[in-house]
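One structure below.
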Amino acid sequence: MKKKTGYSPYPPAIFLMGPTASGKSALALHIARYLPVEIISVDSAQVYRHMNIGTAKPGPEALAATPHHLIDLIDPHEHYSAARFRTDALRTMREIADRGSIPLLAGGTMLYFKTLLEGLSELPSADSDVRAAIEAKARKSGWPAMHQELFRLDSVSAERIKPTDSQRIQRALEVFYLTGKPMSETLRKPKNVSLPYEVVKIALVPGNRQALHQRIACRFEQMLKHGLIDEVRAIRDKFYLSDENPSMRCVGYRQVWMHLENATDALRMREMALAATRQLAKRQLTWLRSMKETREFDCLQENLPEQVKTYLLNTGLKFTEVS
């Protein structure tokens, strides 16, 4: 075993961030070969049980090789929030550090990384009665009308939310109904939060955007071959879901759902899924550019694993290399 000299009073943690199809999961497993890490999934879709193919969850071999956390937490009809992720992640990071291992947080849900680094404003928890009332009103009036109501109550939030984004409209209205204050006002309050870890932030970015798009297309074809359509059909039938459930708004699942509802043919489903995934990757890269003190690596380089290994083992942090 070889120890490196570190100067931070905090235990180390690694953030491995990147757009979809950038190779985060494979790289995380490679890091586990030489550092004593446990992997924490930072993926808002992998929290759902039964959603395996379309979320590219690690398989049995990967799970057996390295401990993974924050996967398969809830059923597809349930809700999961950034606030709950922060609570779950901080608890899990502490447990991993107490075991003498390194928390390696890998994923593409940039909002979750942001909440860990910056904390969350004190928004109220979800209220099932209020949500039910909002949904009932939306069924009668439509979400564009609910967006107009939000504009009247909280114009700042309404300007940031599309009239078709029912999930965010509902949340903004819910916060106003519960607190009597616009959500935008609460979000402006300062957050004094310090993450008690010495974090190494790694960002995987494509040197060639078209090459990433090709990866996205190949991966989606593999998902279809492995039974994504049957997976969505089984989930829909078992849990009596609608397309308003957050789980079914995940990229890929939403487009397959529309196909199963005969709203699109197979070719159009593919086109829509790929377009949505490319847009997701674009948003993820925008988030990454706003991250400070981040070391970028080209995710398309063949020697990426060795580049990252060299970097991690020379950070000066208190890593214990696996012999």
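Using the three backbone atoms N, Cα and C, a Cβ is placed for every residue, glycine included.
Of the given residue ranges 43-46, 67-70, 291-294, Swiss-Prot assigns the label region 'Interaction with substrate tRNA' to 43-46. Check Swiss-Prot against the ranges 22-26, 77-81, 137-141, 167-171 and you find region 'Interaction with substrate tRNA' recorded for 167-171.
Swiss-Prot tags one of the stretches 9-14, 93-98, 219-224, 249-254 as region 'Interaction with substrate tRNA', and that stretch is 249-254. Assigned with DSSP, the residues of the region 'Interaction with substrate tRNA' (249-254) fall into helix, strand and coil as follows: 3 helix, 0 strand, 3 coil. Apart from the site residues Gly18, Pro19, Thr20, Ala21, Ser22, Gly23, Lys24, Ser25, the chain places the Cβ of Gly108, Leu204, Cys299 no farther than 8 Å from the centroid of the site's Cβ atoms, the recorded ATP location. Within the chain, the region 'Interaction with substrate tRNA' (249-254) has long-range Cβ neighbours (under 8 A, six or more residues past its boundaries) at 20, 44-45, 51, 54-55, 167, 220, 223, 228, 232, 243, 273, 276-277, 280. Between Thr109 (site 'Interaction with substrate tRNA') and Ser25 (ATP binding site), the C-alpha separation comes to 13 Å.
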